[in-house]
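Trainee: Mind having a look at this structure? Questions to follow.
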């Protein structure tokens, strides 16, 4: 196992390098306001048996979890995803493995929270997973290990990556910009590398690159932090603006998700480059977008949308929530950025549709939709290469939908008020079970009464005239003429 | 004014031209609205059909026969590129076809009224014009691109063919209709029952003494016409299904037929069962009596057995109306497009109905029918757009009220089967007499123009639509 811990801080949050102390396998210093990333690289034999079994049957497995608690990004970790759990999985080509591994995966996912493959719920909380991990990794007496893992509950994102080519597992936890305690000890069992980095603007820095400077320490090997300075290409950058998301009221059964794009964002972040603003919406299966509705250019334009670029399949436009076994869907929309000189920002509306939910007591059911990921996708210059960067995240669900030269400029999700989560809540009217007790009986009675009345009328006609030809109209009925 | 109206309705060319222009204007207006507003005039179903025209079952929610998709082939981009004329015209091909089907259905209805129900031309036109040809609801539905108009002409043609004793044609239309939309199978027993030997001009044949044995009754029942109808309709139905199965395999079976068996029908609609079905579809455990699982019993008992048995020989058109009305009323799903299924028969029934003989009764029926729907729609609006849980009691009560209103109206229609005066021509036909369009006695003396011909084409054109 190898561990790489990186603190990335803004220039103004720098601390005095002299205040850092390296003693033996421990680095310590004053608290620092920074983003912290811990990356663990593990061999297959270091994993729990059930996970080993699953990975043996898998070609690729990427799990991306993002917290619903807003966080500030700094430096290379600017990529964004909708809060919740995203699983991207490719089984081995062998079809036998296919079924078996899907079953294993479902078992494993239950460790992450209320995720049942037959009725998955959004996972906004890692408590279940942390308890599982602590049980597996930490000895019962190892308090520090438990504290360290406990901190994962507060993580802003957690990634798990495996593919058969590298044959290693990378687990990455990220904590957003906040006060972080600088005290890291390396267990004897594995190598720990600590970096303390800040942005740097060397001359000739290309638009698709990030420059950094700072201190690197390999615990147990270095006696003091070594200064460093380097640049690397990065596909993900910060656009420097934000957006918020809400449902327009009244929501009814066809809620509209409104994206409020903050000022400046109607200008692409790169000059002289083809850029388009996109939103990747991740929807639990309660709610869906209708791809056919999103075909008409006039309709799209009226919502400030340009086109539907991708929608996961299948969606099923008719089934009620409670008979489905898919998790939900994701939708990539290109937004129409109004050409104005003003820096006011603009809104875009995404029309959605609710499925029928199971009847409930009280006649109402709630649902949550995570904020989408909103970003500019810009084509980098011809010939630009993006070799694997030490910090870039890959396989986020949308990067594969764009060409290899695409740069992503991310907008920060902003909540209406501090303390809110990046999930918008809605209510869906359902059949009220409190008032439903008599439905069966009363409907039956009414149907029987209606039926009986019609049969009675038929019988009267039959008794009067039989089943043959009708008799001529009686004179009395012509009287009114 | 009344004079002007009666002059208008005494001219088939005027009425049909007006019906044509009504549809043309709506169609062009629809194109304009579609091109200029995000709110579309065109029905979502039309987009489903035209998408399906490229490859039927690639389009989700296409639940029809591939034949409908073939009919709409000119709407595909590939087709309109190779066809002469502007693309927009061919893109509207389906709507033009559905609107033309409306007119054709109207033409057949007028023919049936005149030739088989003894109405004068102007009187027939007045009913068909007011209820079908110039009814904005009918014109809107077809110009928005809903295929119900095709069904209207199919069913009208079926009735016309039967009354004209064109048994083979009737069989083909019946087989095709059932393949197209399943429900027309309910007409089969009515037509078969109606088609007795006396009516088919065979006389009673060796009028035997009083009591018949069961075997003899059966023998008398199995007439050549009935056998022909059964064989032709079954052959048509089977041939179409086999051809479509050969082409599309399981997709065809699943989407065109099996879907209707497995669908849950949980969404709100006019059916009295709809809230119950929603409740039942989400229930985990089963237990006790479930009316919804036997919902087909009252529905089919009425529309396939009892109504044809009692009514078919008295008045085939009114019986078909009652059958359709019962089928739609007792169905597990009911949306407003289903109303068109029975609306096509109304011009045939109303002239001799108690609803027109007693206008107050007719207005009450119409008023209640509309009021119950309006109540349902209001509750549906609150649910769908305001997000209020109106399932119980609002929507549920409204759908039950609508059901009871429909049962009451159905009772009136059935009652009229026993007292109908439409027998003038039927009795004439039964004697094998050549049927001449019998001018109906003027129902009111205030319509002098009824007899003053002012038509663009002669009424005789309408007597034989095959000409």
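Using the three backbone atoms N, Cα and C, a Cβ is placed for every residue, glycine included.
What TrEMBL records for B:428-453 is compositional bias 'Low complexity'. Here TrEMBL flags B:428-467 as region 'Disordered'. According to TrEMBL, the feature transmembrane segment maps to B:12-32, B:90-112, B:124-141, B:147-163, B:170-195, B:227-248, B:294-312, B:324-349, B:361-379, B:394-414.
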Trainee: With a Cβ cut-off under 8 Å, give me the same-chain residues at least six positions beyond the ends of the transmembrane segment (B:394-414) that come close to it.
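Mentor: Same-chain residues near the transmembrane segment (B:394-414) but 6 or more away: 268-272, 274-275, 307, 310-311, 318, 321-322, 325-326, 328-329, 349, 353-355, 361, 365, 368-369, 372-373, 375-376, 379-380, 382-383.
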Trainee: Could you pull out which residues elsewhere in the chain have a CB under 8 Å from any CB of the transmembrane segment (B:361-379), counting only those six or more residues past its ends?
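Mentor: For the transmembrane segment (B:361-379), the far contacts come to 270, 336, 353-355, 390, 394-395, 398-399, 401-402, 405-406, 408-409, 412.
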Trainee: Are there residues at least six beyond either end of the transmembrane segment (B:294-312) with Cβ under 8 Å to its Cβ atoms? List them, or say none.
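Mentor: Sequence-remote neighbours of the transmembrane segment (B:294-312) are 185-186, 189-191, 193-194, 273, 318-319, 322-324, 326-327, 330-332, 414, 417.
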Trainee: Using a Cβ cut-off of under 8 Å, list the residues of the same chain at least 6 residues beyond the transmembrane segment (B:324-349) that approach it.
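Mentor: Same-chain residues near the transmembrane segment (B:324-349) but 6 or more away: 105, 109, 112-113, 117, 124, 127-128, 130-132, 135, 137-138, 141, 146, 148-149, 151-152, 155-156, 159, 183, 186, 263, 265, 269-271, 273-274, 277, 292, 295, 298-299, 302-303, 307, 317-318, 373, 403, 406-407, 409-410, 413, 416.
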Trainee: Are there three or more C-beta pairs under 8 angstroms joining the transmembrane segment (B:12-32) and the transmembrane segment (B:147-163), sequence spacing 6 or more?
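Mentor: They do not touch: fewer than three Cβ pairs between the two stretches lie under 8 Å.
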Trainee: Please work out which recorded stretch in B:90-112, B:124-141, B:170-195 has the most C-beta pairs separated by under 8 angstroms from the transmembrane segment (B:12-32)?
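Mentor: By Cβ pairs under 8 Å, B:124-141 leads among B:90-112, B:124-141, B:170-195.
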Trainee: Are there residues at least six beyond either end of the transmembrane segment (B:170-195) with Cβ under 8 Å to its Cβ atoms? List them, or say none.
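Mentor: For the transmembrane segment (B:170-195), the sequence-distant neighbours (Cβ-Cβ under 8 Å, at least 6 residues beyond its ends) are 64-65, 67-68, 150-151, 154-155, 157-158, 161-162, 223, 225-226, 228-241, 244, 257, 260, 300, 303-305, 307-309, 311-313, 316, 319-320, 323-324, 327, 341.
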